[in-house]
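Undergrad: Not my notes, these are from Swiss-Prot:
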BINDING   ARG29, GLU91, LYS132, LYS460  (6S)-5-formyl-5,6,7,8-tetrahydrofolate binding site
BINDING   ASN237, THR256, ILE258, THR261  K(+) binding site
BINDING   237-242, 256-262, 281-284  GTP binding site
BINDING   SER241, THR262  Mg(2+) binding site
DOMAIN    227-383  domain 'TrmE-type G'
Amino acid sequence: MDSIVTTEDTIAAIASAISIGKGGVAIIRVSGKDSINSCKKIVQTKSKYAWESHRVFHGFILENKQNKFIDEVLILVMKSPNSFTGEDVVELHCHGGIILVNKVLQRLLSSNSRVRLANPGEFSQRAFLNGKIDLTQAESINQLINASNTRSAELAFSGVQGKIKKKINDIKNDLINQLCEIEARVDFEEDFTDFDYNKYLKNIKKVKEKIELLIENAKRNSYIHNGISIALIGKTNVGKSSLLNLLAKKEKAIVTNIPGTTRDVIEVNLTINDIPMKIIDTAGIRETHEQIESIGIKKSFRKIKESDFIIYIYSLEEGFNKEDKKIIQEIPKEKLITILGNKKDLIDCKNINSNELKNTILMSIKNNDGERLLIDTIIKKCGLKQVENINIFLNERHLTNLSSCLSNLNDTDVIIKNKLPFDLLSIELRDGIQNLSKITGQELTEELLDNIFSKFCIGK
């Protein structure tokens, strides 16, 4: 076991969610070498199990020395090193009113000058520093707390279990094996004439494929956790607001036959197939001299740039014309896009030009004909059709370090193909390994660690 990092001060905070100001139970967590003694000063108990490790016992919180009680509580003690933080930890399980639990917390803080309010994420930071969890597990705990849907929670929990660390360490070990062979030759100045370049390139290719798969999944599982922002784009009166109302299952936008009714952006947050989606209704795009409508149209183009996915809607009655083509040309080529032909109930689909049908969803928004096909198309194009195959959540920090490692490995290819000195190969492999180590927290500065944990909630 890693040695336990001790600090002079003991920290305390409310660890349970009481955002509405009341609940059945609230938990105050205390961690540090003075946690038990500090709690002893404010707790009165007759339990025979009092202050034993991993025992729950009953007691009262004393307001003062005159034996006036604040609350009746359950107390859980977890002695070092067998606790979340690796330090002595005490949990006070109080009644859940915010006024009451804050009073208990203030009583605790005033009992000992070495007990202070915890900083955001400080319990998890101490757990990390004491080797109880790695950085990906700490981040996954925060991700789990902030999960917006069940699939996001499942992915976060896999990180809590250490699955991210395992995948990263497997890749790192592959690179360490390659580095050992290279450095043995460099250190002993052996001749590289018998070095199997093809075998090396083959092994590195396998490692790169593993990293590329993780990067690909990282982009997809961002949709699962953060959601997909979907902009409804098109000319006036093609059915954008009607589609928003259909997906929302309620009237969120005003629908009329008057062109230019929608003049501002309307956003609705939904969960479809357990994936959060933000549907954005925009002003219809057309030439206009009306000032307010023009502002709305500018916002439409802004939303095109900001959104993950574009649904371009046109009227099958009018057909896909030059104006539609001109608008689509304004959409960045890297954007995911689906073209939707609306009002199929008003035309004979057999008469539609076959080129117009290519990669187009035909729909009658008014009659709710084609909604399932549209949703399936969005999920497929976002790479979420086999969402069950994505089994870990990688955040932007992980993605950055994986991309840096991949760049290091691509540089080793260049070194070998151009027959550059082998010590350069060793440097790139070491840098690649270092980038992977940053993911699990082995190669990070104190400042960066503080920044990561500052984004956690106070009681975690």
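Glycine residues also receive a Cβ, built from the backbone N, Cα and C atoms like all the rest.
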Undergrad: What whole-number Å value do you get for the CA-CA distance of LYS460 ((6S)-5-formyl-5,6,7,8-tetrahydrofolate binding site) and SER241 (Mg(2+) binding site)?
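TA: With the alpha carbons as reference points, the distance is 42 Å.
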Undergrad: Run through ARG29, GLU91, LYS132, ALA283 for me and report the binding-site residues whose CA is within 10 Å of the CA of SER241 (Mg(2+) binding site), in sequence order.
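TA: Within 10 Å of SER241 (Mg(2+) binding site): ALA283.
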Undergrad: Using Cα coordinates, what distance in whole Å links LYS240 (GTP binding site) and ARG29 ((6S)-5-formyl-5,6,7,8-tetrahydrofolate binding site)?
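TA: Checking the Cα atoms of LYS240 (GTP binding site) and ARG29 ((6S)-5-formyl-5,6,7,8-tetrahydrofolate binding site) gives a distance of 50 Å.
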Undergrad: Under a three-state reduction of DSSP output, how is LYS460 ((6S)-5-formyl-5,6,7,8-tetrahydrofolate binding site) classified: helix, strand, or coil?
TA: coil
Undergrad: How many Å separate the two farthest-apart Cα atoms among the (6S)-5-formyl-5,6,7,8-tetrahydrofolate-binding residues ARG29, GLU91, LYS132, LYS460?
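TA: Greatest Cα separation within the listed binding residues comes to 18 Å.
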Undergrad: Taking every protein chain in this structure into account, which of the binding-site residues ARG29, LYS132, LYS240, LYS460 has the most other Cβ atoms within 10 Å of its Cβ?
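TA: Highest number of other Cβ atoms within 10 Å: LYS240.
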Undergrad: Rank aside, I only need the closest one: which of the binding-site residues ARG29, GLU91, LYS132, ALA283 has its C-alpha nearest to that of ASN237 (K(+) binding site)?
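TA: Comparing Cα positions, the candidate nearest ASN237 (K(+) binding site) turns out to be ALA283.
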Undergrad: Which three-state DSSP class does LYS132 ((6S)-5-formyl-5,6,7,8-tetrahydrofolate binding site) fall into?
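TA: DSSP call for LYS132 ((6S)-5-formyl-5,6,7,8-tetrahydrofolate binding site): coil, neither helix nor strand.
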Undergrad: Measuring Cα to Cα, how far is GLU91 ((6S)-5-formyl-5,6,7,8-tetrahydrofolate binding site) from ALA283 (GTP binding site) in Å?
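TA: ALA283 (GTP binding site) has its Cα 54 Å from the Cα of GLU91 ((6S)-5-formyl-5,6,7,8-tetrahydrofolate binding site).
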Undergrad: Could you pull the average pLDDT for the domain 'TrmE-type G' (227-383)?
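TA: Taking every residue in the domain 'TrmE-type G' (227-383) and averaging pLDDT yields 81.
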Undergrad: Cα-Cα separation of ARG29 ((6S)-5-formyl-5,6,7,8-tetrahydrofolate binding site) and ALA283 (GTP binding site), in Å?
TA: 51
Undergrad: Tell me the Cα distance separating ALA283 (GTP binding site) from LYS132 ((6S)-5-formyl-5,6,7,8-tetrahydrofolate binding site), rounded to the nearest angstrom.
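TA: If we compare the Cα positions of LYS132 ((6S)-5-formyl-5,6,7,8-tetrahydrofolate binding site) and ALA283 (GTP binding site), the gap is 53 Å.
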Undergrad: Have a look around GLU91 ((6S)-5-formyl-5,6,7,8-tetrahydrofolate binding site) and count the other CB atoms within 10 A of its CB, chains all included.
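TA: Its Cβ shell of radius 10 Å holds 23 other Cβ atoms.
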